[in-house]
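Remarks on the structure that follows.
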């Protein structure tokens, strides 16, 4: 008897992803620090290796380290761009016919291989530049975007009512927040008490358990309910893949097509800003004047991850008194406020207070996915989430690369510039949502519109 709950897989994968990101950044930071100059990095200190006096030679040295780390992150992200785009789009698109488990399994294998490589890299002190090669190879198996896309499609397959989709997706975001919050809070203690080697080994073990659960315990309703088993060549498969993507937009009426494109644009522009700025927080906190150590960085990550919990509570409460689109507006404008506050944060207290407006940052992610799923047919959910994941992979890598490049170029004269730029860029999804609102967005009316189009298609086929 197979289990139809994907939540345990999401739990383990979120733990691994949340722990990997800050650990890898700080590991690379320490390696570059030690290899760039003759300064030793003290891991027992209660403060970070950070000089606040601008006339000190160490201050110029740490600015150089910041630039090198930012550039290396840029190289890593670009190395996984093309294989990640191709694998994400293909794996999620074919999941409509071959089941949601396949992309979950392959992306989990890639994540496990990457974490094992991190263990070896740390234990044998291999050149850290080899991380670029592991990122490139791991991206061929899919990435976390592929995994989340498959999980969301898996959940949508089981939801019959539209309101149920919004709540269920919000529950997943809540679960992500709970895991990432606790993991982020403890990440500094992982480094301090266990070191990088054992921490990476724990990540690999959790990913191995996750893979075992998906392979042997998780059921696949799409594959089990599929009544046809068509064998086709590789070229025919690719043609069918792109044809279904084309038909997703072609079969829609003019108004629904316009709305679909507009919602995709809103989702990706918001994703671009939020994901692009995320890695900059750690570099910003390590640098002067904050000079945070690994424990404070863990606290900051935990506060950032708390937005998953507060976003879930916000969606749960707001869904009784307002539409999805109004919740998305709240999330965008509060995030914009947080970006501006972060840009001017110069003390630890100010930086913690700057995290408060980010409480509803995840709300737009949940409600925009839900809004998108409401304007397509049930048979188009897989290809829709493939498009979303493809655009998120492209947008995410481009965003991280862009923001790392901007931060590297501006850190010397004003580190907070990147956050001010992010606040300005958030006007794009806000304006786009205003246009959606002006088209008289109504969830029930679009449900009826889809039903009418489906009945028209059925009558055309009957004729």
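Including glycine, each Cβ sits where the backbone N, Cα and C put it.
The structure displayed is predicted, hence computed values, not measured ones.
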If you check the topology given in Swiss-Prot, are residue 288 and residue 412 found on the same side of the membrane?
yes
Swiss-Prot annotates one residue of 46, 229 as N-linked glycosylation site; which residue is it?
46
Which residue, chosen from 38, 251, is annotated N-linked glycosylation site in Swiss-Prot?
38
Quick one: find which recorded stretch in 74-94, 102-124, 262-282, 383-403 has the most Cβ pairs under 8 Å with the transmembrane segment (325-345).
262-282
Which residues of the chain, 6 or more past the ends of the transmembrane segment (74-94), have a CB below 8 A from one of its CBs?
102-103, 106-107, 131-133, 135-136, 138-143, 145-146, 149-150, 153, 237, 241, 244-245, 382-383, 385-387, 389-390, 393-394, 397-398, 400-401, 404-405, 408
